[in-house]
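Listed in TrEMBL:
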- 7-27: transmembrane segment (TRANSMEM)
- 12-298: domain 'Sugar phosphate transporter' (DOMAIN)
- 39-64: transmembrane segment (TRANSMEM)
- 76-94: transmembrane segment (TRANSMEM)
- 100-122: transmembrane segment (TRANSMEM)
- 134-155: transmembrane segment (TRANSMEM)
- 161-181: transmembrane segment (TRANSMEM)
- 193-212: transmembrane segment (TRANSMEM)
- 224-246: transmembrane segment (TRANSMEM)
- 253-274: transmembrane segment (TRANSMEM)
- 280-300: transmembrane segment (TRANSMEM)
């Protein structure tokens with residue numbers, strides 16, 4: 001009975017994640033669309049998300065002490081958090097602006113380019129190697145997106161450029177997170193990441209908002225419904241927490257699978273809620289081709305992680321057995337004080353962590369296992 005109850009709870013978390021992720025995207029489109037809520041100010045909407053998440057994260061960390069803050073020095077904040085926040089703010093800004101020009105369905109199809117952009121940035125930054133199998137997958141994804149774009153009836157160059165630019169900014173953020181934070185041994189969960197990154201992202205967005213949107217807001221009659229924006233920001237914040245809960249019970253792979261299901265559901269729902277967005281057979285064929293490349297890419301990356309972890313686990317087991325033998329035949333109190341097995345001068349624990357760090361997922365800070373909460377992407381505070 002306990003097992004079935006736990007399984008039921010896991011499915012419930014997955015359902016909540018799919019509903020929140022789809023709901024936030026459709027909600028943002030509805031708010032920004034000039035045909036519906038008529039609030040065509042994506043930077044303002046993103047700033048509302050950042051301010052709300054920053055305030056809530058502050059209370060959770062400093063007042064209610066739900067989670068403890070990490071040891072953040074000024075050097076780490078200046079050299080790591082600030083550039084990551086800049087790209088995070090850019091990805092949300094450009095991604096939300098795309099809603100003004102292209103449909104939700106086509107945006108989801110363009111998001112299939114995310115692994116391509118991340119792979120290219122990782123190779124350029126030296127965190128990944130240019131491999132033939134991964135490169136062929138990226139070509140397959142790119143061809144699928146091109147076919148899908150060709151079949152788009154309401155194709156808009158400006159909206160497509162905004163979305164692709166947002167994808168590139170998100171890819172840079174993900175790579176910088178791995179290079180600047182993970183290499184320093186700093187792991188942030190969704191709450192602490194919002195605590196540090198959201199205020200900084202808000203500041204980065206203030207300049208573009210002041211130059212681009214404030215003058216238009218001063219002269220344009222706009223409706224500012226506090227309940228609408230509060231519920232929108234709350235849903236975006238809840239999405240990050242739901243991903244954290246899902247990964248804590250299942251894993252990043254399950255979230256990826258749920259994300260694929262969510263994308264198809266979202267494309268179907270968007271055509272019902274927003275009738276002006278039409279899907280053609282060429283759209284579907286192109287997206288299916290791109291998605292097959294994404295699935296294969298995820299499989300190859302997970303295969304790499306497994307290949308690295310298995311030898312380490314086997315070596316650690318052998319070392320543990322040898323340690324027990326030594327303890328039996330040659331007792332030595334110094335052996336018991338060793339916290340991690342050393343193999344060939346390399347700490348197995350840290351090596352395993354590096355292997356697990358290859359696995360990425362959605363909204364904010366990519367990490368591993370239960371503290372692995374981004375990409376996805378992620379996205380996250382995912383406004384996309």
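Each Cβ is built from the backbone N, Cα and C atoms, and glycine gets one as well.
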Integer mean pLDDT for the domain 'Sugar phosphate transporter' (12-298): 90
Range from 76-94, 193-212, 253-274 with the greatest count of C-beta pairs under 8 A to the transmembrane segment (39-64): 193-212
Stretch in 100-122, 134-155, 193-212, 224-246, 280-300 most in contact with the transmembrane segment (253-274), if contact is a CB pair under 8 A: 100-122
Among the ranges 76-94, 100-122, 134-155, 161-181, 224-246, the one whose Cβ pairs under 8 Å to the transmembrane segment (193-212) are most numerous: 76-94
Dominant neighbour of the transmembrane segment (100-122) in 76-94, 134-155, 224-246, 280-300, by Cβ pairs under 8 Å: 134-155
